[in-house]
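Here it is, the structure, as structure tokens.
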Amino acid sequence: MSTRDLPHSFSELSYGWVKRIRAEFTVGKSKEQLLAEDYHSTTDEDSEVVTSVKANSLWPAFASGAGLFSDGYVNNSISTVLFCLKKIYPDEITKSNAINNIASIAFVGTVVGQLGFGYISDRIARKGGMMAANVMLIFFTLMCAVGSWGVTVQGFFACLTVWRFFLGVAIGAEYPTSSVIASEFANQLPPGKRNRYFSWFTNAMIDSGFVVSAFVPFVLIWIFTEKHLRALWRVAIGLGVIPPLSLFFMRLKMKNSSSFQKLHMKNVKYRDYPWWLIVKFYWFRLTIVSLIWFIYDFSAYSFGNFNTIIIGEIIPEAPIWKQWGWSIVFNLFYIPGAFLGAISADYIGPRLTLALGVGIQGVIGIAMSACLNSLKKHIAGFVVVFGIFTTFGEFGPGDNIGLLASKTSATAIRGQYYGIAAAIGKIGAFVGTWVFPAIQSKYANNANPDLQLQVPFYISSALCLFSACLAIFFCPQVGQDAIYKEDHDFVQYLSNNGFDINMLGEGGDVREVCRESDSLEKGKRDDFQVDNNSL
């Protein structure tokens, strides 16, 4: 089983992915077919067959996933903070690395939060980890807004850097807790609807946070004017407290998912924890998912550079409010991709949607780089092409990389699996923040000034095409019933390799899981029929 995801022949590598498509496509399948297939995949004899999306089924997935709105808002608000600090302290900024430290320390904190809370989510408390992340997000956002002071300017920078680190930890903590919980509750929705709601409640929330974080400073600049930037940046980031504070009370009413209650490893002692079995079972697919996430975040940095190019061409030396107005326009391009990519993931599967989106994005990126000089002369066309390009980024990896991470892992280790993949992605973003400026500086004095942006974009676009190939040829199939199947396969693997599965969950639940899964494989429920009147 340690090589279960590896292609075992050239023909399997070349054509095996075609066979996997059938399990992922829902196009042309009736609701009855989807329900029947899902029933044959469920591991709980007493579980209710859900035939429609209801509000009481949606709110747990929303309450857990919507916390990522705050992550998008607070994370993106730092760009407003840095912009204001450069205006307020121009001399001090040039004499220190304060701005770089404030920007970079967030990556470190986020990685710490993703890895640390991934472990907490699986081994200590999944809901408890989410609540702790929620409280941290509220507190450290508030500290960044009102608790950042210093006797000297450099002391103020140091204070803000410290709070920014812990805010990064809180942001990172949301990924392996709230996203994982959202995926488990979304899995309780009817087949054919699960992927879209997970993506809407996670990635679309992050993108909405980006848009709002661009809009709020635009409004505040009219209220405070450019003479009061100190108040502006503190209010802008402080408003990020409101969403997690409101969600906190919704989350208090939540319970862990039924699958986590049955399959968690909280009761397994450290010395008995099957570390090596888990590594052998998941090493390959985790490597592929993490690599795709690394490339996506790594490339996103260079793609963002085009914002500066377009703004500089349209409104050179423009006032702050105009620059921030255009930032709203660019951030709005995320929304269509996030909305449509989620729907596509339910029809053709997250794996193929990711490959399609990132592949088209790579092609458009290469074309934009090749035609950069002429595009700069037609700004309206440039904005439209760039918008389409950005939309496909969210349509593909933006919506589906988290979906892949959550559906290619078993419930018992999903927090750690998701946290590791997300952390490697964030490391990719950090590497991009250092690599691409170095590449740009190398071509700064070149006879062809366009190379300064073309070369990084060629590199990123090529990596996009590479990640599309990884998704098509090496990612496992991810159907509507992927979580059910993965839980069964993982428990069966542990049992076959000598691990006492009675330590999973709350005792006897796991025996029921195995018994029901085995009976499904033997076809004991082939006589199941869906009552058409209930559909």
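Each position is counted from 1, following the chain as shown.
In case you wondered, yes, glycine gets a Cβ from its N, Cα and C as well.
Sequence annotations record features per position, and here Swiss-Prot assigns N-linked glycosylation site to N75, N256, N532. The transmembrane segment annotation in Swiss-Prot covers 49-69, 101-121, 137-157, 165-185, 204-224, 232-252, 275-295, 324-344, 352-372, 378-398, 419-439, 455-475, and the record cites sequence analysis as its basis.
What's the neighbourhood like for each of these?
Counting every protein chain shown, the number of other Cβ atoms lying within 10 Å of the Cβ of N75 (N-linked glycosylation site) is 20.
Within 10 Å of the C-beta of N256 (N-linked glycosylation site) there are 17 other C-beta atoms, taking all protein chains into account.
Long-range neighbours of the transmembrane segment (101-121) within the same chain, counting only residues 6 or more positions beyond its ends whose Cβ lies under 8 Å from a Cβ of the stretch, are 75, 78, 81-82, 85, 128-130, 132-133, 157, 160-161, 164-177, 180, 414-420, 422-423, 426-427, 429-430, 433.
If one looks beyond the transmembrane segment (165-185) by at least 6 residues along the same chain, the residues whose Cβ comes under 8 Å of a Cβ in the stretch are 57, 60-62, 64-65, 67-68, 70-71, 74-75, 105-118, 120-121, 126-127, 129-130, 132-134, 136-137, 139-141, 143-144, 198, 201-202, 254, 256-257, 259-260, 402-403, 406-407, 411, 414-416, 418-419, 422-423, 426, 483.
Long-range Cβ contacts of the transmembrane segment (204-224) within its own chain (Cβ-Cβ under 8 Å, at least 6 residues beyond either end) map to 65-77, 80, 231-233, 235-236, 239-240, 320-321, 324-325, 327-328, 330-332, 334-335, 338-339, 342, 394, 398-399.
Same-chain residues lying 6 or more positions outside the transmembrane segment (232-252) and placing a CB less than 8 Å from one of its CB atoms are 59, 63-64, 66-67, 69-70, 73-74, 77-78, 80-81, 84-85, 127, 130-131, 134-135, 137-138, 141-142, 144-146, 213, 216-217, 220-221, 224.
Tertiary neighbourhood of the transmembrane segment (419-439): same-chain residues 103-104, 107, 110-111, 114-115, 117-119, 121, 172, 175-176, 286, 289-291, 293-302, 305, 401-402, 405, 455-456, 459, selected by CB-CB distance under 8 Å and a gap of 6+ residues from either end.
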Given N75 (N-linked glycosylation site) and N256 (N-linked glycosylation site), what distance in Å do their CA atoms have, once rounded to a whole number?
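Given the Cα positions, N75 (N-linked glycosylation site) is 27 Å from N256 (N-linked glycosylation site).
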Against which stretches of its own chain does the transmembrane segment (49-69) lie, if we need a Cβ under 8 Å and a gap of at least six residues from its ends?
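Sequence-distant neighbours of the transmembrane segment (49-69): 31, 35, 38-39, 130, 133-134, 137, 174-175, 177-179, 181-182, 185-186, 188-190, 193, 197-198, 201-203, 205-206, 208-209, 212, 243-244, 247, 250-251, 254, 257, 530, 534-535.
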Going by DSSP, give the three-state secondary structure for N256 (N-linked glycosylation site).
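Note: N256 (N-linked glycosylation site) is coil by DSSP, not helix or strand.
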With a Cβ cut-off under 8 Å, give me the same-chain residues at least six positions beyond the ends of the transmembrane segment (378-398) that come close to it.
203, 207, 292-293, 296, 300, 303, 306, 310, 313-314, 329-330, 333-338, 340-341, 344, 353-361, 364-365, 368, 467
Sort out the residues at least 6 away from either end of the transmembrane segment (275-295), same chain, that have Cβ-Cβ distances under 8 Å to it, and list them.
1-6, 354, 397, 401, 404-405, 408-409, 413, 417, 420-422, 424-425, 427-428, 463-464, 466-467, 470-471, 474-476, 490, 493-494, 497, 499
Please report, as numbers and ranges, the same-chain residues at least 6 past the borders of the transmembrane segment (324-344) whose CB is under 8 Å from any CB of it.
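Sequence-remote neighbours of the transmembrane segment (324-344) are 76, 80, 195-200, 203-204, 207-208, 210-211, 213-215, 217-218, 221, 307, 310-311, 314-315, 353, 356-357, 383, 386-387, 390-396, 398-400.
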